[in-house]
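See below for the structure under consideration.
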Amino acid sequence: PSFGASLHILKVEIGGDGQSTDGTEPSHMHYENDENYFRGYEWWLMKEAKKRNPKIKLIGLPWTFPAWIGKGENWPYDYPDVTAYYIVSWILGAKQYHDLDIDYIGIWNERAFSSKYIKLLRYTLDKHGLQQVRIIASDRLWEPISFVLLLDSELHGVVDVIGAHYPGTKTVPNALLTKKKLWSSEDYSTFNDEVGAGCWARILNQNYVNGNMTSTIAWNLVASYYEELPFGRCGLMTAQEPWSGHYKVEAPIWITAHTTQFTQPGWSYLQVDGHLEGGGSFVALTDGLGNLTVIIETMTHNHSQCIRPPLPHFSVTPQRATFYLKGSFYMVETLQVWHSRLGFESGNSSLFQQLHPVKVWKGSFSLDLNVDEVYTLTTLKTGQKCGCPEPPPPQPFPSNYKDDFNIRNPPFSEAPNFADQTGVFEYFINASDPGDHVFTLRQVVVQRPITWASDADQTISVIGNFQWVNMTVTCDIYIEKQRDGGVFVAGRVDNGGIYVRRTKGVFFWVFADGTYRVTGDLAGEEILMKGLSGVRDNAWHTLTLNIQGTSASGLLNGYPLWENVTISKPSNGWAAIGTRSFEFAQFDNFHIE
């Protein structure tokens, strides 16, 4: 609080083992008889958030679900009692293992809702003493949820918040008629340069001014994923080099501070018409105890376009605005002033600077507003722009990288820098192997999840520098699935995220039936070479893939297996490991040069 972004609310994915835009997040229950509340990074993230701000609100929302939830169908509502049990287990686990209180729970991100399931979820929450957990629905559009709430009084009784995505600052009549809290429960998603900051400034105000929304949640918190994945750098700040420690506090962080450092959950919006005559908007909020905060934005059209929806044209001109304080605010004598100006072409931006206080004379004050500015005027004396040490300089991913996965008590369930794009790759301890492969990385998703995006039919985890051209990838592999099991190592991998199915690259596969293949794609349809390898399941083998210029070669256990395979495209990309299907397999002693 009162430091930087000073966030009020943190929304996390309830991992479901499926692709959710830039990768997969692991489920707390991969299988029906499995429970583990220490997978992935969300538990850590929520605890770190609570350390900094114990009052931050927490929301959980699933994108995908493990296969067993649907008993073979790609649908989470056929057995609503199973789904409710699964979600409530996550909430109970958050409390039992991490002392985290989840405040809000969602239904299914940007997919259909089931009224029956929502009612059962409320019943199951209450049965487990979780009356304080509120339900938000449906994280899609305003309709049909608003219409259904008006028709179904029982559903109306259990949904606390209507959450819409990318509403373009507008709501619909039915949503207003429900009298529910209205939230933009996912918004922004815009490249975090100054236009992104302009987008964020505009919607933070106008979601309330035009759409009566009292919460706006940015996807995503921080761009900490390979930039070449979908929606690269669409976070409030950028921290995408864990190997160097470099990060960048982008302009949207300071736009956030204009609202979050001078208001809190529990404050109320004053119901004024917040449209300014010369274009732009303002909101006014109070804590009900005499404090007042006014936030003004004058973003121009071309400097505030979000990624979606399309923004109709409007004009903003420099203007003098006079504000009148009445009622209990008539007694206010001075207001603290914080100011940002987005410079764009001129390049001289000024972000979150404290200016001289404004004197209020007989309940009124005037401001000369230019375009592309944000002002906060507040009775609060808090607020600071942290002076932080410079982060380490940026560096590319190491050009010689090894991981033997030999870690007895890893801080996370997954190895650093690997970005799972289908399937989940976890640290594994091989109790049965007394030899060199006790500590390995294992692919653990063995049935296709209930998907949100188009996950591949193969599993894959990418790593490294997308700009790499020539490389040697070596990895020890262990096929666990008999007969039709298979694994690969790959280079020049060109895609991931929601586009993972169309991934191209150079893939070196070995199969449990003793054959090998070289393909130009993850799907395995573009076959460049094939033959016999002598590889079998349940034994360790070493694969080496060497790509130089337009030629690739492969070694098995240190001996040449195939060579002189011509590679046309892609011309660059990540390294990767993975499996032929949703199957158990292990990897060890990964090395890339």
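Just so it is clear, glycine is given a Cβ too, placed from its N, Cα and C backbone atoms.
Any TrEMBL annotation is an automated prediction that lacks curation.
Note that the structure is predicted; figures quoted are calculated from it, not measured.
Pulled from TrEMBL, these are the features on record:
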{"type": "ACT_SITE", "residues": "E110", "note": "active site, proton donor/acceptor"}
{"type": "ACT_SITE", "residues": "E186", "note": "active site, nucleophile"}
{"type": "DOMAIN", "residues": "1-261", "note": "domain 'Glycosyl hydrolase family 59 catalytic'"}
{"type": "DOMAIN", "residues": "269-384", "note": "domain 'Glycosyl hydrolase family 59 central'"}
{"type": "DOMAIN", "residues": "420-593", "note": "domain 'Glycosyl hydrolase family 59 C-terminal lectin'"}
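Ranking the active-site residues E110, E186 by the number of CB atoms within 10 A of their own CB puts E186 at the top. When DSSP labels each residue, the domain 'Glycosyl hydrolase family 59 central' (269-384) comes out as 11 helix, 51 strand, 54 coil, counted as helix, strand and coil in that order.
Geometry remark: E186 (active site, nucleophile) versus the residue listed as 'active site, proton donor/acceptor', CA distance 10 Å.
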